[in-house]
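If you look up TrEMBL, you'll see E147 marked as active site. Among the features that TrEMBL reports, Zn(2+) binding site is placed at H146, H150, H156. Feature annotation from TrEMBL assigns domain 'Peptidase M12A' to 54-249. Residues or ranges marked as signal peptide by TrEMBL: 1-25.
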Amino acid sequence: MIRRLTFPSAMFAIVLLVSSALVQALPTPLSDHDLWQRSGKFEGDMVLAPWQKNGVIDVKLRWTNRHIPYELSDEFDQQQKAQINEVLEREFAKTCVTVKPRVNEADYVYVTGGDSGCWSHVGRLGGLQGLNLQVRGCVWNHTIVHEFLHAAGFYHQQSSTDRDNFVDIFWENIEPGKEYNFDKYNADFVTSFNETYDYGSIMHYAKTAFSANGKPTVLPKGDSTIPIGVTNVMSEIDIRKLAKMYDCVEM
């Protein structure tokens, strides 16, 4: 016996089929923790001024008196503001650099949440400078600390001059057009401050950063099981580098 669909039933079936096709056609959504990759900035989350040529070795990028004042936009709710304040206070208390809410300082970081993605300028520019933590997707402990270390003057760990001794880059897995995010820099642009390569750095890319197919784009040499890009806190080497950058200790 052939059962014929009534008009409402037929329309419902068509809607189901169309909806199913649309769902199958949609790309896999990016994790909230990876939104920085879609910020459209240099290496995903860095904003460079035209005059910035020497990266972390340029003393002009250092914050005066080892102090980074910041101000939070009202785009964040009270819970998010409390989280940002608490994370910054806790993590930078481990260092010689203070990161505190602004009083009336002329040079400061203005943290917004309304722009797309997670990004920061690198080092001190002078006056108000931006740092964005998209309200829906960037207010995570890792991202907060990561972006403020960019503001302090840090670049990404895997950009270091000697990175090819420590990680393999799988260019075939990188999203087309995003290969530049895996460039490495000469010693006159960035410095390790005489510290070893740091797999545990909060500034390291995760294994599938900018992946086109879900496969790894960067893996530790020799032992691909070593975790990278997953920590929520500064490593001991991150802390030492910050101390050397701001002349708190001898290199």
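Placed from the backbone N, Cα and C atoms, the Cβ positions cover glycine too.
DSSP gives H146 (Zn(2+) binding site) a helix state.
When other Cβ atoms within 10 Å of the Cβ of H150 (Zn(2+) binding site) are tallied across all protein chains shown, the result is 23.
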